[in-house]
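A.B. asks: Attaching a single structure in structure tokens format; questions to follow.
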């Protein structure tokens with residue numbers, strides 16, 4: 001059915017423009033082609049009442065939610081449980097995810113992958129773009145909540161180690177986060193990128209030169225910037241300095257106002273000239289009340305919506321959904337003199353930028369993350385309070401089908 005959305009501001013490039021949106025068979029159409037060449041009229045017209053239409057949010061680092069842990073290996077992850085999680089994420093505008101698996105026992109990985117395998121490359125009820133493997137090749141000193149006894153080294157033959165660790169599951173891995181200072185890490189980066197897997201650098205003690213060397217070998221992403229890595233110093237620019245000097249590298253950031261000070265968010269957006277990606281780093285407790293939970297092979301405590309390794313003040317993932325991260329980024333990191341322009345930046349950071357960052361083959365990859373003809377009709381409809389910088393999600397669409405409505 002040819003459907004036209006009217007009375008809306010659409011995210012186009014880096015701005016919000018008053019326009020109309022045409023959708024048919026799950027794809028965004030060119031109105032000039034439809035109206036003037038094909039001379040067709042829409043069968044359905046939907047007024048958005050001056051709402052905003054933006055691409056659906058893409059969360060490339062999410063560990064779970066609603067008591068569901070993507071790193072679980074204690075039992076099966078059935079479809080009903082996954083559908084419940086997807087429904088929760090759709091309510092915050094997320095249409096695509098990379099389920100993230102934290103450092104786990106080597107013997108657990110086949111069980112974890114078996115749990116996730118049936119959801120990969122599906123768009124029902126949410127798009128699953130591939131797995132994000134966060135570990136086990138991380139720095140012990142910067143491991144955060146990752147269990148130290150399962151942290152691994154590459155050894156003398158990184159390719160062999162990767163094959164032994166990840167087995168035959170490479171076809172379903174989209175991202176691997178690793179520490180570039182480990183011996184033979186660059187060998188690992190070259191092999192992973194040859195398999196069309198994006199490499200993120202994180203949980204690292206690397207210096208500036210080690211980071212640049214990793215980027216030169218193919219790494220293209222920094223995992224949760226500012227967290228679990230050396231701080232910037234004028235005599236040791238480390239991770240942030242390398243990011244500023246690497247114009248094609250993107251950086252994920254958790255904009256929950258807990259993992260990073262609000263002014264750090266602003267610094268990242270300005271210093272990178274628009275290469276920040278919003279991630280939730282959501283854990284098993286996202287969407288649940290304060291309390292104790294199991295996350296991977298660790299016990300965590302959630303207090304006032306902040307997750308810690310139990311008995312410590314070490315952060316253990318996050319609990320804020322993507323819509324809150326977008327709102328927080330808009331409030332703190334984006335242009336404060338032009339609210340509409342600032343909102344466009346925040347929306348880009350949750351949609352277009354992550355789509356670009358994880359693209360391995362632009363001619364073959366899914367066309368998501370933009371509101372443009374030929375792209376899949378994954379989008380959100382939002383009302384924005386420009387004065388108070390608050391967002392209200394009205395509806396979420398995947399393949400042009402409404403998956404959530406307020």
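Heads up, the Cβ atoms here are built off N, Cα and C, so glycines get one too.
In TrEMBL, annotation is done automatically, which means it is predicted and not curated.
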A.B. asks: Out of 114, 224, which one does TrEMBL list together with 134, 203 for Zn(2+)?
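C.D. replies: The one candidate that TrEMBL places in that Zn(2+) site: 224.
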A.B. asks: Between the Cα atoms of residue 134 (Zn(2+) binding site) and residue 281 (active site, proton donor/acceptor), what distance do you get, rounded to the nearest Å?
C.D. replies: 11
A.B. asks: Which of these binding-site residues has the least crowded Cβ, counting other Cβ atoms within 10 Å: 203, 224?
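C.D. replies: Result for the binding-site residues 203, 224: minimum number of other Cβ atoms within 10 Å at 224.
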A.B. asks: Given the Zn(2+) site residues 134, 203, 224, which other residues of that chain have a Cβ within 8 Å of the mean position of their Cβ atoms, reported in sequence order?
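C.D. replies: Residues close to the Zn(2+) site, other than 134, 203, 224: 61, 135, 138, 144, 146, 177, 200, 202, 223, 227, 228.
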A.B. asks: Check each residue in the chain of residue 281 (active site, proton donor/acceptor) that is at least six apart in sequence and keep those whose C-beta is under 8 Å from its C-beta; list them in sequence order.
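C.D. replies: Within the chain, residue 281 (active site, proton donor/acceptor) has Cβ neighbours under 8 Å at 61, 62, 63, 100, 224, 254, 259, 317, 318.
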A.B. asks: Which three-state DSSP class does residue 134 (Zn(2+) binding site) fall into?
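C.D. replies: Note: residue 134 (Zn(2+) binding site) is in a strand by DSSP.
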